[in-house]
Amino acid sequence: MLDIHNPATDHHDMRDLTIIGGGPTGIFAAFQCGMNNISCRIIESMPQLGGQLAALYPEKHIYDVAGFPEVPAIDLVESLWAQAERYNPDVVLNETVTKYTKLDDGTFETRTNTGNVYRSRAVLIAAGLGAFEPRKLPQLGNIDHLTGSSVYYAVKSVEDFKGKRVVIVGGGDSALDWTVGLIKNAASVTLVHRGHEFQGHGKTAHEVERARANGTIDVYLETEVASIEESNGVLTRVHLRSSDGSKWTVEADRLLILIGFKSNLGPLARWDLELYENALVVDSHMKTSVDGLYAAGDIAYYPGKLKIIQTGLSEATMAVRHSLSYIKPGEKIRNVFSSVKMAKEKKAAEAGNATENKAE
């Protein structure tokens, strides 16, 4: 978990921008606020920053972020925070924004489930997919008593699967990634997918097929989990059934179900903002249907949208940049070059240190 050294100050204090959501997009937006010399406050519903990357996939490796050939999810989150932290953004954790009000002077109040009200000149919604919960296998009934001990919906620690017989359900990126990722640690890995081909990234799918060909893993396509067996609250077997009626039984200690998540906008759906399916419609400036209220990341929609981390980081940059004309109306917006800004900050810091040393 990230060590946050700058918790929010008095919630009555005005900030230039309220950022709803502390995932990668929200954190990078805070950095961009610092780059553009505006103050911000991140409000995150979870007990830590990082969104799904920190809460669900901290050990998952990511390969499609510019400049990182390969990076564990939690390391990416920590790197993003290291960038943002230098500008001391306020951070509010464990609070969910339930309502916003646009005042007559054009500023905003955002109210959370705790009753706190936060004030800002503009708002950026970077809440990812909203509230999310894993998709389950309805045919298994209520298996909540096994969740976190034998049945998992995400990999938070590889140690949970070390030396275990693991059955993975799914055919997308997460299922394929962890099929490959757990080979070295698990006693055995069995992948079960109800489709006839994988939907995950081609490179990873090729690695899975190669592992299957050399006998490292077992793969069952066009097959579903029919039922499971347990003994004294511990998983022992997984029963499979194929589309042609064939049946198999696999000895197992862990069932890892990776078939996606159900998202829910929650209070956001009642905010009288233009929606497209389960996302907020934005224009080319990342502005929603309300002036002064922007959206970025997975929660934002426009034609041709790609829901990947890289896109969210770019959208955060655009949203903050374009919010300046609303936050500081009439002021000329100048391009900010990071190398120039950092050099000036470093020079100012050195000058300050020299002055302190001279005074001593």
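Using N, Cα and C of the backbone, Cβ positions are placed for all residues, glycine too.
Noted in Swiss-Prot for the protein shown:
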- Thr25, Glu44, Gln52, Tyr57, Val97, Phe132, Asp298, Ser339: FAD binding site (BINDING)
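Feature annotations (Swiss-Prot) mapped to structure.
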{"residue": "Thr25", "record": "FAD binding site", "DSSP class": "helix"}
{"residue": "Glu44", "record": "FAD binding site", "DSSP class": "coil"}
{"residue": "Gln52", "record": "FAD binding site", "DSSP class": "helix"}
{"residue": "Tyr57", "record": "FAD binding site", "DSSP class": "coil"}
{"residue": "Val97", "record": "FAD binding site", "DSSP class": "strand"}
{"residue": "Phe132", "record": "FAD binding site", "DSSP class": "strand"}
{"residue": "Asp298", "record": "FAD binding site", "DSSP class": "helix"}
{"residue": "Ser339", "record": "FAD binding site", "DSSP class": "helix"}
Least Cβ-crowded entry, counting other Cβ within 10 Å, from the binding-site residues listed as Tyr57, Phe132: Phe132
Chain-internal residues, separated by at least six, CB under 8 A from Thr25 (FAD binding site): Ala126, Gly128, Ala296, Gly297, Asp298, Ile309, Gly312, Leu313, Glu315, Ala316
Most Cβ neighbours inside 10 Å, all chains, among the binding-site residues Glu44, Gln52: Glu44
Ser339 (FAD binding site): tally of other CB atoms within 10 A of its CB: 7
Val97 (FAD binding site), number of other Cβ atoms within 10 Å: 25
Site extent for FAD (largest Cα pair distance over Thr25, Glu44, Gln52, Tyr57, Val97, Phe132, Asp298, Ser339, Å): 38
